[in-house]
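Undergrad: Annotated transmembrane segment per Swiss-Prot: 29-49, 50-70, 98-118, 121-141, 170-190, 198-218, 230-250, in sequence order.
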Amino acid sequence: MLSGLVTALRTLTLFPVPGKETDTFSRSLFWFPVVGLLLGSIQAALGYFTSLLGWNELSAAFVVLGGIALTRGMHADGLADLADGFWGGRTRESALRIMKDPNVGSFGAIALSGMMLLKWIAILKLVDIGAFACIAAGVLLARWVQVLLASALPYARREGGTAQSFVSGAGVVHIVVTSALTLLFLFPLLHADLYANLYAVVAMISAALAAALLTGLLSYRKIGGVTGDVLGAGSEVTELFVWIAAALSAALKA
């Protein structure tokens, strides 16, 4: 079972995990919330300790850039590829072809820049009020959404691809188990946060589901399923939606 954790860490992070390569791709999905909690905790800690410098704008920037660094920029790259393909390709085939191009086009650059700016704004609000647990929760929920997308939609590329091994083995059991794990981690995590009341928790979970629905429907309509880029983009969109929901909830509470 731990081989699934190894695969999840190798896939989702830059951490050098020792051991042999395994083919436990579908089993690794069960560990996505665990890895999300780990990454989120690191980003939250990064935000907290840099905020002690008294320069919250810089702290928020460290959280955004830290998230990109911890994932080797993989999810950010997926967002850029998705934007280029979905808005630059008129047909399913052209969209998939553009998404496979390693070069970033104008749509991708705009999407990536906009995402980083909006994340920075939302995180700055959370840092200002000390809601660091909400930062971790956003990363946790984003990895859960990746499992939802992989389990609910077929793989889009007929010729196969990197993420096919994850998507082809995903199913209802992955949704059930990861949903339980996500809730198990989420409520204790946010219980310690002064600003994360029940309404905020509901708002954050709803924001994550909205991100999953938006990404899933758009991807199914455009390319008939998901790819690795779609899963990465879904993670990015979820983080943004959850952090905005948390920031708005805190503002309304205040």
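Placement of Cβ uses the backbone N, Cα and C atoms for every residue, glycine included.
Show me how these features fit into the shown structure, please.
TA: Away from its own ends, the transmembrane segment (98-118) comes close to residues 64, 76, 79-89, 227, 229, 236, 240, 244 of its chain (Cβ-Cβ under 8 Å, at least six residues beyond either end).
Long-range neighbours of the transmembrane segment (170-190) within the same chain, counting only residues 6 or more positions beyond its ends whose Cβ lies under 8 Å from a Cβ of the stretch, are 26, 29-30, 32-34, 36-37, 133-134, 136-137, 140-141, 144, 147-148, 150-152, 196, 200-201, 204-205.
Counting residues 6+ beyond its ends, the transmembrane segment (198-218) has Cβ neighbours under 8 Å at 86, 134, 137-138, 141-142, 144-145, 148-149, 152-153, 186-187, 190, 226, 230, 233-234, 237-238, 240-242, 244-246, 248-250, 253 in the same chain.
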